Amino acid sequence: MARSEPTISHHGNEETTPQDVNENTPLLGAEDVAPVADLDVAKAITEAEQATSGDQDGENKPLPLRQILVLCYARWVEPVAFFSIFPYINKMAKENGNLADEDVGFYSGLIESLFSLTQMLLMILWGRAADRFGRKPVLVFSLIGVTLATGLFGMAETIWQMILFRCLAGVFAGTIVTIRTMLSEHSTSKTQAKAFSWFSFSGNLGILFGPLMGGALANPAEQYPNIFGGIHFFVEYPYALPSLVVSMVGVSAVLVTIFYAEETLVKAPASTVGEESVVARPIPLSTWELVKSPGVGVVLYAYAHIMLLAYAYTTISPVFWFTPVRLGGFGFSPLQISLVLGACGLSQAIWTLLVFPSLQHRIGTNGILRLCANYYPLFFGLCPLFSMLLRQGSHTAWVAFWIVTPTALCLGSGVSMSFTAIQLALNDVSPSPAILGTLNAVALSVTTGVRAVSPALFASLFALGAGKQWLWGYAIWVLMTMMGAWLVVICRYLPDYQELKRQRARERERERERVERAGYREAGDVVFGVASHFGCEQAHGSCR
């Protein structure tokens, strides 16, 4: 009886059976056996490489200004929520907790810091969530959480309720890491300087308007009796209005984000190997592996040090300006302090929006960081010299002070360019766009921790130095000058970002070649198995 033979391959409509196979039959037919699956993987890796590095057309794409403005509007919710309680937190804590005057500072400082502490603990989780589930859903969810927690804070009636709502606001404050990542993905190497200039500007607006809103709207029944005096709710909850207004800002940001923000996370392409799906994407790095990646550690350290200098100066400067001249300050009135803050804010906006983009294009990101690093110790060292002018007590010294000091303060605002530059450095040093959210989260975890402890630390150091008259009250500025000088050293070790990109491109090319070789080896194994099968069939035929 004739036995049916298995069909081995197809050439057009012609079937080849074991009996048709001879020494002239090609084992590697073009249509029979090919490492299709692994070549698809290699192709996917190539596509991912192109998505990572971007082609020339991608580099030349214009900045989507509408998307940048949408994200910047969402950006300012976090600093408004953080700083809006500062004008009334002391009085609110005292009234809700029936605290003695000497205990108010501890509890108000604790409540202020809890936002940053909880934010620091959960920032990496927000970054990984944005990398996994998408940027937009994480941004919307975190905005909703901050909005609700901030709205409830003003209606807290006990210290523990204040602590709870402040912690909840910090838990959901993952907006900044998501927004920074989305800005990076919306921009190219040619447009990211402008994008992050707007990012810094929106954050500064939040820092400015947050305290203004809190101070202007707190206790409205007493501040504006003709409007709110007859409303029992605002009499019973005197701090509800600023919290509700801030929460309404958050609601508007949620709606704007839902309807206008675009998702920026691009999923890596997938290919099918038989019935299995292989995704050509980088293996997720642990946090420690990410920090150890080439160039990442030094950039993160520089980031943390720049933020430490910024938070320290922000803490010290208003107190220094208010401190009497005899103790080593300027002796400014509250009005003078407000005017100086306004002038510095305006000059900072000019440096960030107008000067930074063109300067970054000319001297590069590292060039700006090194330029600012060189100016930090000079600027800090000049501050006590200005106070010494006032200590002279002469009219000439007073005139010289008012000519030199405002000019130096406005020029000194130029160091704010380092805040934007270090963010660009962080983008450039990221091992892959797929983990940019996680890298931003790591950086922000460090800086929120710095923000949580630096106000109390540097305010205490300034008060101690002025009270004890260490170095005539200028000891804090010696410390700040030394810290600024250390930044100069750090910036010498910043990586060459173009060389990092070339190195990673070479690594991706080696990986692509490895996958291709593995594919051909697999194809060879398949062919060897087919040939063995043919041999067995022929052997059985001869036996029969």
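Just so you know, glycine gets a Cβ as well, placed from its N, Cα and C.
Now, the feature entries from TrEMBL:
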- 15-25: compositional bias 'Polar residues' (COMPBIAS)
- 67-498: domain 'Major facilitator superfamily (MFS) profile' (DOMAIN)
- 1-26: region 'Disordered' (REGION)
- 68-89: transmembrane segment (TRANSMEM)
- 104-126: transmembrane segment (TRANSMEM)
- 138-156: transmembrane segment (TRANSMEM)
- 162-183: transmembrane segment (TRANSMEM)
- 195-219: transmembrane segment (TRANSMEM)
- 239-261: transmembrane segment (TRANSMEM)
- 298-323: transmembrane segment (TRANSMEM)
- 335-356: transmembrane segment (TRANSMEM)
- 368-390: transmembrane segment (TRANSMEM)
- 396-422: transmembrane segment (TRANSMEM)
- 434-454: transmembrane segment (TRANSMEM)
- 474-494: transmembrane segment (TRANSMEM)
(request) Within the domain 'Major facilitator superfamily (MFS) profile' (67-498) only, compute the mean pLDDT. (result) 88
(message) Ranking 104-126, 298-323, 335-356 by the number of C-beta pairs under 8 Å to the transmembrane segment (368-390), which range is first?
(response) 298-323
(request) For the transmembrane segment (298-323), could you work out the same-chain residues 6 or more beyond its ends whose Cβ comes under 8 Å from its Cβ atoms? (result) 291, 329-332, 334, 336-337, 340-341, 369, 376, 380, 383, 418-419, 422, 425-426, 429, 442-443, 446-447, 450-451, 454-455, 458-459, 462-463, 466, 473, 476, 480, 483-484, 486-487, 490-491, 493-495
(message) Using a Cβ cut-off under 8 Å, which residues of the same chain at least 6 positions beyond either end of the transmembrane segment (138-156) come close to it?
(response) 74, 77-78, 81, 84-85, 92, 96, 126, 129-130, 162, 164-166, 168-169, 171-175, 178-179, 182, 237, 239-244, 246-247, 250-251, 253-254, 257-258, 261
(request) May I ask whether the transmembrane segment (396-422) has at least three C-beta pairs under 8 Å with the transmembrane segment (162-183), counting pairs 6 or more apart in sequence? (result) no
(request) Tally Cβ pairs under 8 Å between the transmembrane segment (396-422) and each listed stretch (104-126, 335-356, 434-454), then give the stretch with the top tally. (result) 335-356
(message) Within the same chain, where does the transmembrane segment (195-219) have neighbours whose Cβ lies under 8 angstroms from its own Cβ atoms, ignoring anything closer than 6 residues to its ends? I mean 6 or more beyond.
(response) 63, 68-69, 71-73, 75-88, 91, 179-180, 183, 186-187, 238-239, 241-242, 245-246, 345, 348-349, 352-353, 356-357, 416, 419-420, 423-424
